[in-house]
Amino acid sequence: MSFKNNSFSCRGTSQVCSILPLLFALSLFTGPTENSSISRVRLVNGPNNCSGRVEVFHSGQWGTVCDDDWDLLDAKVVCRALGCGVALEAPDQAHFGQGRGEIWLKDVQCSGNEGSLLGCSSDGLGSHNCGHSEDAAAICEGQSGKLPVSLDLVRLVDGPNRCSGRVEVYQDGSWGTVCDDNWAVLDAQVVCRELSCGPATEAPHQAHFGEGSGSILLDDVACMGSEGSLLECSSGGIGNHDCGHDEDASVTCMMDGISRVRLVNGPNNCSGRVEVFDSGQWGTVCDDDWDQRDAQVMCRELGCGEALEAFGSARFGKGSGSISLDDLACSGSEVSLLQCPHSGLGNHDCGHHEDAGVTCAEGEDNPGQPSPKGLLNFNSNILQMQSHEV
């Protein structure tokens with residue numbers, strides 16, 4: 001049996017080989033659709049989720065749309081894709097403020113019947129001669145003071161996906177931020193569960209995903225962790241705060257249970273260099289304080305059984321790019337490596353010669369082939385990233 005596509009290939013009759021076609025088929029059906037929980041289009045900086053600056057997700061990050069040729073037909077497609085009803089206006093010239101980062105689309109020409117903005121004619125992703133002063137916007141019929149039906153009272157914005165970003169709360173017809181005073185993982189846990197994003201992995205402070213604008217609606221939030229909504233948690237009261245937007249709170253969730261860790265460069269998927277997925281890319285883990293308890297969490301998260309050994313000094317080769325974690329201090333009972341105490345994503349004083357590694361028990365049974373459990377966890381990340389490109 002043989003199978004090949006641009007992400008992986010296989011030849012032979014192994015158990016792993018037999019499941020690859022299924023994984024590929026799943027990737028075709030897990031891409032975002034009009035009703036997908038992970039949309040490739042959003043409206044931001046408006047009074048609600050149905051009005052704002054148009055942004056498109058591509059290559060792991062959100063970018064804006066240039067207003068050249070932007071009109072009501074284009075806005076109509078955006079509004080319908082987001083479940084926001086009829087398009088009322090198609091503002092130009094950064095009506096809802098200038099975005100930042102990439103400008104992904106220009107000269108968009110929709111007929112009005114497309115299922116997604118990315119199905120419309122354009123100059124191609126990333127091709128433009130515009131500045132953010134030309135960012136396009138849309139106002140849909142759901143733009144009144146009432147929150148559009150089925151939309152949440154809490155959202156995460158300006159992050160790499162819908163399950164990571166700056167925390168914003170909807171109140172009295174507009175969105176506002178949350179101050180990071182006393183902001184902790186228990187608070188983040190409530191937000192992640194409210195948004196169906198799995199466990200919380202981090203509760204960043206100091207406008208980690210950029211400063212918001214407008215009102216600061218919550219301060220001194222103190223959740224127990226069991227609340228159904230952030231607005232049920234104890235706080236200083238709506239609108240009461242002594243903060244600036246440089247203190248905007250953020251959240252990183254595990255993205256609906258999809259693993260954000262992997263083992264690479266080992267003999268199988270249950271042994272290798274530890275890597276963590278953050279901000280659209282994979283990064284390594286520094287071996288400072290890396291021990292058996294950290295390795296235990298890693299192996300369990302990947303479905304690879306018990307940890308046999310925790311390696312330092314780039315035992316499985318030096319990685320490249322970012323070093324995502326340092327000074328990990330797991331108790332051994334955490335569900336995910338990212339739930340363990342650490343110095344913060346991206347904060348380290350290491351080089352890749354200190355990359356951490358792990359060998360788990362399950363990989364020892366058949367060192368010549370990847371563990372099917374490990375492969376499924378690993379490919380969940382591939383399928384998740386592919387879903388943004390379908």
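Even glycines carry a Cβ here, placed using N, Cα and C.
For Cys350, the disulfide partner named by TrEMBL from the candidate list Cys286, Cys299, Cys304, Cys330 is Cys286. Among Cys197, Cys223, Cys233, Cys360, the one TrEMBL lists as the disulfide partner of Cys299 is Cys360. Within the set Cys10, Cys120, Cys130, Cys140, TrEMBL assigns Cys130 as the partner of Cys66, by disulphide bond. Confidence annotation: the domain 'SRCR' (41-141) carries a mean pLDDT of 87 in the model. Of all the disulfide-bonded residues in the record (Cys66, Cys120, Cys179), the one with the smallest CA separation from Cys286 (disulfide bond) is Cys179. For Cys179 (disulfide bond), the nearest of the disulfide-bonded residues by C-alpha distance turns out to be Cys350; the candidates were Cys110, Cys120, Cys350.
Cys253 (disulfide bond) sits 31 Å from Cys66 (disulfide bond), taking the Cα positions as reference. Rounded to a whole number, the distance between the Cα atoms of Cys66 (disulfide bond) and Cys223 (disulfide bond) is 41 Å.
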